[in-house]
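Engineer: The structure is given below, and queries will be raised subsequently.
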Amino acid sequence: MDPEEESLSPEIERTELTLAEGGTRPPSGTSTALLKSYTYTTPLPTELQPDQECILGVDEAGRGPVLGPMVYGICYCPLSKQDELADLGFADSKTLKEDERHNLLNVIMSRPDLIGWSVRVLSPMDISNSMLLKQKYNLNALAHDTTIQLIRETIASGVNLKEVYVDTVGTPESYQKKLENLFPSITKIVVAKKADSKYPIVSAASICAKVTRDDVLRHWVFSETGIESTISRQFGSGYPSDPKTVAWLRSNMDPIFGYPNIVRFSWQTCKTLLEASGKTVRWPDDDESNSQPRISALFGQSGDSNTATWAQQRRQYSMFASKSDPRPRPQLLQDMGLRSAVEF
Amino acid sequence: MVATNQQRICIGPEVPQDSKNPVTMLLPHPSSGFPSRYVIQEGQLYEMQLVDSEGLRSWFIRDTVQSDGSLYIITPIDPLFMCIPILDIVRQRTSESEGLFLGLQDIFESDQYTSLRNLVELDKLDQHLALVCDVRESDSGGGGGSGKRKTFRLDNHRTLTWLKRKVQVLADKFSSIPVLVDSIDYTESLHEICQTEAITQSALRLVSAYLSESWAKQLAAEYQFPELEKLESRIQLPTLLDFGKRSATDMDEDSKPKEIKKPKMSAGQRKLAKASTTGMKPLSSFFAKKSA
């Protein structure tokens, strides 16, 4: 399995809907098709004083699944009020169900005086495209850059960050050093695994990210024409290890166009399925690096190149026909794939 | 839904509203003498080429699929390229005689290419022909002709002069055409003289694609590329290491310089290597903030 595709078993989301329809939706969701990544940011906490020292937590949601967005969330409050935050219900680290998470976001939103938060929603398309660039831009790099961007924007909006806590999947030490170098004004940076269970501010950020992701996935708008009303939404958990998810992938693959934009087509799972059941594509670039020039390129004209036809053509057009063998066209024209038209 | 076979995707000259539909015809390709497709429109001659889909590509046109994925390209061609091989043959030049002076009707007459006579309709044809021919004007004798009649006989010297001008015109424009610039493996370290020779050589090759073998040879004889030849031979000299590796069998043979094959880059790699990044945004701006 791709290192990118860790399925964090304790957190397998059950998207079987436990949330009653008609519940309020988080403001960080979207009502249009998610093609381009976007950021949602709350206003500054209303009681925040200029230069008041703040604490900030970072967490993500949806790194492992093969469907839907990956969301990075930050949440911050004044340093002096961090206990108040913990008391709101972020001290516990137990695994939460979807509706419990949703309720906790409501709790956060009920305190615009105290808490500010922001999420960056990375579209499946952007994730896949980054990972498939020739200059590899992997998920870790994407994760770091997104986190850095969110922290920077928070500072730029006027928040005096003094302590930052980041949940990480990879090795904490090097990432922590990197952040310390980038943000000398932040006096304490802690990068840790399972930070959401250790630090309430990270737990809060985790809620912002997860609820946002849940919402985007639940209310996914398919940009592909004509499938919105017919396509199944029984994705399962969205993890590649979930048989329900794999079954959904199998039955929603188009042999030419692959998958709808909800799917991260850079995931190994998808590549395997496409290779097995999709139509094979021949890429001109692959041909070029290992082969003969095309016969048609040599002669610059259409039609068979076998000698019987040449002889016949020479007789038929003997008045002007060249006595010698056809010369190859200049390399440039061959490269451009241009040849003279005969039939039309 | 599949579109009918009568439809093609073409890039070509604009057809004015009130004019007839362009007509395509088969004419002898100047290089091979075999039939290729041409268009005459508003007195101009165009050649038709295509980017061949080789049965592997199709076009999506709104909600339909056109199975022929070729792209046809109709571009102007200097009529003299078409005329030179024709004039060369009809003058019937021999070692004893310079050949015949012929009028337009006789020049562009062939049972093998019935469309040849359409060339007479080309705009200012006699002015074009005068660039490569000796011209005689005579009072048209009987047959009810009114006024003077022009006859033409191809002249080799004038033709070569014209062809060299063509090469020069292309060489002068060379650096302003990106696909041409990319087609030469410049390195920054190439001497300016080499660059000039490389450009001229490239222009010569492109012009020669529109010439018969014999004319291509005659034209090539007018050019020297001493700097390029020097460069080629420098690249091919065997190194000391190569001497060590020679097998017993070729001990007695002349030491031929080994041909060092440059690893061929794919078109994609060449494009990337030459790609200019001016005006490109860094990757981080790709993830721009949504304005709330």
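A Cβ is built for glycine as well, from the same backbone N, Cα and C atoms used for every other residue.
Automated prediction, rather than curation, is the source of TrEMBL annotations.
Among the features that TrEMBL reports, divalent metal cation binding site is placed at A:Asp59, A:Glu60, A:Asp167. Summarising the annotation, TrEMBL assigns domain 'RNase H type-2' to A:53-279. According to TrEMBL, the region 'Disordered' annotation covers A:1-32, A:281-307.
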Engineer: List, in sequence order, the residues of the same chain other than A:Asp59, A:Glu60, A:Asp167 whose Cβ lies within 8 Å of the centroid of the Cβ atoms of the recorded divalent metal cation site.
Structural biologist: A:Val58, A:Ala61, A:Tyr72, A:Gly73, A:Val166, A:Thr168, A:Ala195, A:Asp196, A:Val202, A:Ala205, A:Ser206, A:Ala209
Engineer: Within 10 Å of the Cβ of A:Asp167 (divalent metal cation binding site), how many other Cβ atoms are there?
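Structural biologist: Other Cβ atoms found within 10 Å: 24.
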Engineer: Specify the count of other C-beta atoms within 10 Å of the C-beta of A:Asp59 (divalent metal cation binding site).
Structural biologist: 27
Engineer: Could you tally the C-beta atoms, other than its own, that fall within 10 angstroms of the C-beta of A:Glu60 (divalent metal cation binding site)?
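Structural biologist: For A:Glu60 (divalent metal cation binding site), the 10 Å Cβ neighbour count is 25.
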Engineer: Looking only at the domain 'RNase H type-2' (A:53-279), what is the mean pLDDT?
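Structural biologist: A mean pLDDT of 92 is what the predicted model shows over the domain 'RNase H type-2' (A:53-279).
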Engineer: Reduce the DSSP letter at A:Glu60 (divalent metal cation binding site) to three states and note it down.
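Structural biologist: Reduced to three states, the DSSP call for A:Glu60 (divalent metal cation binding site) is strand.
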